[in-house]
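Colleague: Submitted below is the structure of interest, expressed as structure tokens.
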Amino acid sequence: MEIIRGAPALSTFRVQKLMEACVNAALPVRQIYAEYVHLADLSELLETNEREQLEKILTYGPAIEAHTPQGSLLFVTPRPGTISPWSSKATDIAHNCGLGKVKRLERGVAYYVESDTLTVEQQQTLKGLLHDRMVEVVLDDFAKADVLFKRTEPAPFKSVNVLAEGRRALEVANVEMGLALAEDEIDYLVENFVRLNRNPNDIELMMFAQANSEHCRHKIFNADWTIDGEAQPKSLFKMIKNTFETTPDHVLSAYKDNAAVMEGSVAGRFFPDPNGVYSYHTEPMHVLMKVETHNHPTAISPYPGAATGSGGEIRDEGATGRGSKPKAGLTGFSVSNLKIPGFVQPWEGSYGKPDRIVSALDIMTEGPLGGAAFNNEFGRPALLGYFRTYEQEVSSHNGVEVRGYHKPIMLAGGLGNIREEHVQKGEITVGAKLIVLGGPAMNIGLGGGAASSMASGQSSEDLDFASVQRENPEMERRCQEVIDRCWQLGDKNPIQFIHDVGAGGLSNAFPELVNDGGRGGIFNLRNVPSDEPGMSPLEIWCNESQERYVLSVAAEDLPLFTAICERERAPFAVVGEATQEQHLTLADSHFDNNPIDLPLEVLLGKAPKMSRNVVSAKAVSPALEQSNIDVKEAVKRILSLPTVADKTFLITIGDRTVTGLVNRDQMVGPWQVPVADCAVTAASFDTYAGEAMSMGERTPLALLDFGASARMAVAESIMNIAGADIGSFKRIKLSANWMSAAGHPGEDAGLYEAVKAVGEELCPELSLTIPVGKDSMSMKTAWQQDGANKTVTAPMSLVISAFGVVQDIRNTVTPELRSDKGETSLLLVDLGAGKNRLGGSCLAQVYGELGDIAPDLDDAALLRGFFETMQKLVAKKSVIAYHDRSDGGLFTTLVEMAFAGNTGLSIDLSALQGTDVERLFNEELGGVLQVSRADAELIAAQFAQAGVPCHMIGTLANDQRVTIKDGAREVFSETRVALRTLWSETTYRMQALRDNPACALEEFKLKQDETDLGLTVNLSFDPSEDVAAPYILKGAAPKMAILREQGVNSHVEMAAAFDRAGFESLDVHMSDILSGRISLEEFQGLVACGGFSYGDVLGAGEGWAKSILFNERARDEFSRFFERDSSFALGVCNGCQMLSNLKEIIPGSEHWPRFVRNRSERFEARFSLVEVQQSPSLFFQGMAGSRMPIAVSHGEGHAEFASAQALALAEASGTIALRFVNGNGEIATQYPQNPNGSPNGLTGICTTDGRVTLMMPHPERVFRTVANSWHPDNWGEDSPWMRMFRNARVNLG
């Protein structure tokens, strides 16, 4: 093992935060210094030149001055027996640079602590601050790190002696192995193995437990029910299926695959043909949808828990039918009270929590980062979400008790597209090769399916450790590229059948694959790729290593599939063959035995059906006491409640523009305020048809009325999607995610009531279908504290996600109030019809109460009338702005619209019934519309005709105040800025805790700046003019190399932009160049695309660059290309970072900076304002002086120069092409207008001759006007950024 020191691991503010944590923990620590230390496991000693090369590869990131460390060493490394995602990607880079002697690279952080002598307890506390015990360990000596590379002999399987010891042997195994088997399942297994006359092996029992866990089998949803002594006619699942039986319209696949599929629109899918040439293929683009939960792992270890939750859901989408394409994601979190240090709220009590789970604050600090990082790196925009905090002692169905989300909800979902011929899975032919695609087996995530089926607190902590997984999104991206190449072959797609590997690992995935395909299988255990040779058969077969798929490929198609995988560098292995007989055999060549030898029917057969005999309960809770509520104080509290408050800290960490197909993200208007009701995507680059998704959940209402909570969730999802141009209820499909504490008094009967309310009643009445969903039935946390038994039980929680096909994405209405549209009026559509019920509201929550009666959808006809009327108005563009009424009531709806439009309001409540508090804060269904004053009465009449109450409630103010009156009486008045400050303080506090606090403060102050102009546009050219048109007509299109490396994810939209400009875009993978399949001699232009090459592990773009510089063939190819006078190149984002590290082979680039970690130390996804500078860049000719917004998505975009002198030279060279500016056109120096902290706002630069241009922002994602988060009304189909690509075509003549 070689040990190689790296750069300092913590910036100044990170060290400060760590020191503060030490002070808060009363640790006598004086100083901490941290640096990366790299460990290399070698097959033989390196030569001097090889060692130097390895040291260069391991030199990356910002230039921070190292110093000689002092103090005690605490060395944090990944847990032995695991391989970190960093390790696998860094090792790939070393191999691609020709260092074959490096078996594996690993990285740790060496902390040097100067302190007084620490007690054993203090040492443990300090270690707790330095590492995540779920995925890391702390060593006191570098030499001890060799345990990371220790290889142990494989362990054999173990048998459980049922034949001799009977049922008792299985009962013991059930507890020891954490199998979560029910009594009748133990009986079933004993009976079957006695019949087979043999003992079960541990691997067979674990496989059975996973395949039959509540998590996988949904036993409660398939159970027979008796409630209050009366047998119920249907199971829960049958009631859900009733929605499909009633309205099967437009559903192509339901209840049988990894995701549901509905009919989409016809458009031109843009992808490369087998020769690599990108083009449009006009065909139906059907829409798949899926929403998953990953609650248990997120409670244990939030970052990997949420990351692998997102990853698993993305795999479900990719593994739908015979392979498909994930497109856009959504996310959701429900947690207990945050109790932000220094910002604890009056309603946040301190009830405690068990040690084995983390706090709500930890979950919301780390979990969203994990989920966002996975989506970012995979390349899926995250466009929608919800966030609720709830933890309260209330009187509900089971008397007085604490209800809340100690076991959190972590929701991950999304939509994708699938070809018509691939919607149904194919036939698995006898003799077909059964393949695992993706990463290696690792000893992690064991028993996740069974573990998440238990209430938190029933399994031992060691088993909780085992059920945490690791994420490697860059690997999943490679696998998805393989799936893409396969579906792009149409009827020649080699994939017959595909499933993702999730809970239970291969032990669940392979049996499911062959069983669904009507086959059996013979498998060879030792063919499973594994990084840990010491694993037992159970560990190899049942571990939940991520980023894996299982699939069947006909033997004759194996060479084609192999070639695709090798080009994409996606690992795969043939593990078995499909058999006619439905039997499962797993052979182990190492021990020459069969750890599994079972008929499939024993594993997946008629395990006993569950029966639930339950009693219903009625909630009795006093009415909300209104007399002590002051409107001004109520406003302050409600705007500080995380459920209502600004969610920026959850949004800007997630890429929202990748694909170039995003039409509507969360951020609205020129001030980019996160208040959008739904997300909208374009079907492709050549159409205005698209897809929309929204969410609805009103979980606290279930503490009063289960049915109301369910109806309100469905209704809220419809109210949210109503601003998109969908047309009919039948074009909307719902995913239902049900969370409940099964067995808790009253909850089972309540769950039945809720499912019945939507499955049997509401959805059929509205022609809505629920073709997909998920359940999580163990939403309770139990523990002992100071000798007392404590529990926190979640409310029955239904989260609805609505997916719709959009007719015209240009018609989407947002909450942005417009003060430039003449005289306008605000209308309140009140589906609550004046009932003003306050039970379960945010108002009740912030005063520590529950209230007595929940709001409800009393008549489905109200929702039908609203939606159908709204859709007609949206299609005719009669609505200027729209926002639904939900959490926080009418007051919140109005002020959020005011924030988005940067305007004041003048509101009159006199048309509404009830007290001030009821009118402002009730959360009945409803919405506010801004319409032209001339149309207002006509529109109000249309709603009234549809049976929906509608009231005129005011207009925009001439000043920046929100004034609310009841006739002449003033009810409330405050400045918009003061309200925005209250609303945004929660996000500021969370950002300051998690990111660079200086950046968080700058953003908070910007939100309070009344003079901020937001995004402004000033163009020096006409964007509607196609300057390339005369050249396109001349003849053959010039060839453009659309260059990607493993992990790049922005190549398709880049190809589309150059295609529109008249180029022939060709897909070129680095493996094509390294293998000699393709030469850059063939191309006039090259573009290095954005993404996460090698997952950015050795510095963003640096690993990619080094694999060129240290590979002779690649270096020659690129050197010759850049030396050619006729060639040109563009590097965007990751491509910019990569090219900036190739300075030594690019003429005229000596003055370029490197691009390193953002000042905020956070991935920044922003819609930022830039100005084009006067420069020789051929891409920006005729554009100088233009100011316009552009997509920014990067974690390492800070331009770092070697010295102040180097920066001055770059400025003097006249090659700076692009700068961040503010709305006045001044250079942006403050965050987030300068999102990465680059000096002088620098974000684009070129060579001295202008042939090679680098830029961090993404023009290819916004070349269509509809792909811009905000744009002036007068822009046509092409945004101004299209000019860049056309300039490149003009340059070639």
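Please read every residue number as a count from 1 along the shown chain.
A Cβ is built for glycine as well, from the same backbone N, Cα and C atoms used for every other residue.
Straight out of Swiss-Prot:
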type     : residues                                                                                                       : note
ACT_SITE : Cys1133                                                                                                        : active site, nucleophile
ACT_SITE : His1258                                                                                                        : active site
ACT_SITE : Glu1260                                                                                                        : active site
BINDING  : Gly305, Ala306, Ala307, Thr308, Gly309, Ser310, Gly311, Gly312, Glu313, Ile314, Arg315, Asp316, Ala676, Ser886 : ATP binding site
BINDING  : Asp677, Glu716, Asn720, Asp884                                                                                 : Mg(2+) binding site
DOMAIN   : 1040-1293                                                                                                      : domain 'Glutamine amidotransferase type-1'
REGION   : 305-327                                                                                                        : region 'Disordered'
Colleague: Take the C-alpha atoms of Glu1260 (active site) and the residue listed as 'active site, nucleophile' and report the distance between them in angstrom, rounded.
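Modeller: Counting only the Cα atoms, the answer is 11 Å.
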Colleague: Whole-number Å distance between the CA of Asp884 (Mg(2+) binding site) and the CA of Ala307 (ATP binding site)?
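Modeller: Cα to Cα, Asp884 (Mg(2+) binding site) and Ala307 (ATP binding site) are separated by 30 Å.
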Colleague: Which of Ala307, Ala676, Cys1133 has the fewest nearby Cβ atoms, counting only those within 10 Å, among these recorded positions?
Modeller: Ala676
Colleague: Near the Mg(2+) site, what residues other than Asp677, Glu716, Asn720, Asp884 in the same chain have a C-beta no further than 8 Å from the centroid of the listed C-beta atoms?
Modeller: Cys678, Ser694, Gly696, Ser717, Ile718, Met719, Ile721, Ala722, Ser886, Gly927
Colleague: Please work out the helix, strand and coil residue numbers for the region 'Disordered' (305-327) from the DSSP assignment.
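Modeller: Helix/strand/coil tally for the region 'Disordered' (305-327): 14 helix, 3 strand, 6 coil.
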Colleague: Among Gly305, Ala306, Ala307, Thr308, Gly309, Ser310, Gly311, Gly312, Glu313, Ile314, Arg315, Asp316, Ala676, Ser886, recorded ATP binders, what is the largest CA to CA distance in Å?
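Modeller: Greatest Cα-Cα span of the listed binding residues: 33 Å.
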Colleague: List the binding-site residues among Gly305, Gly309, Gly311, Glu313, Arg315, Glu716 whose C-alpha is within 10 Å of the C-alpha of Cys1133 (active site, nucleophile), in sequence order, or say none.
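Modeller: Final answer: none.
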Colleague: I'd like the Cβ neighbour count for Gly309 (ATP binding site), meaning other Cβ atoms within 10 Å of its Cβ, all protein chains included.
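Modeller: By my count, 28.
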Colleague: Which one of these binding-site residues, Glu313, Asp884, has the sparsest Cβ neighbourhood, judged by other Cβ atoms within 10 angstroms?
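Modeller: Comparing Cβ neighbours within 10 Å for the binding-site residues Glu313, Asp884, Asp884 has the fewest.
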Colleague: Looking at the binding-site residues listed here (Glu313, Glu716, Asn720), whose Cα lies nearest to that of His1258 (active site)?
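Modeller: Going through Glu313, Glu716, Asn720 one by one, the closest to His1258 (active site) is Glu313.
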Colleague: According to DSSP, does Asp884 (Mg(2+) binding site) sit in a helix, a strand, or coil?
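Modeller: The residue in question, Asp884 (Mg(2+) binding site), is strand (DSSP, three-state).
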Colleague: Using a Cβ-Cβ cut-off under 8 angstroms and a sequence gap of six or more, which residues of the chain neighbour Asp677 (Mg(2+) binding site)?
Modeller: Ser694, Met719, Asn720, Ile721, Ala722, Gly723, Thr814, Pro815, Tyr882, His883, Asp884
Colleague: So, three-state DSSP: helix, strand or coil for His1258 (active site)?
Modeller: strand
Colleague: Per residue, counting other C-beta atoms within 10 angstroms of the C-beta, which of the binding-site residues Arg315, Glu716, Asn720 reaches the highest number?
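Modeller: The largest 10 Å Cβ neighbour count belongs to Arg315.
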Colleague: Tell me, how many other CB atoms lie within 10 A of the CB of His1258 (active site), whichever protein chain they belong to?
Modeller: 25
Colleague: Could you measure between Ala307 (ATP binding site) and Glu716 (Mg(2+) binding site) for me? Cα positions, answer in whole angstrom.
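Modeller: Spelling it out, the Cα of Ala307 (ATP binding site) and the Cα of Glu716 (Mg(2+) binding site) are 27 Å apart.
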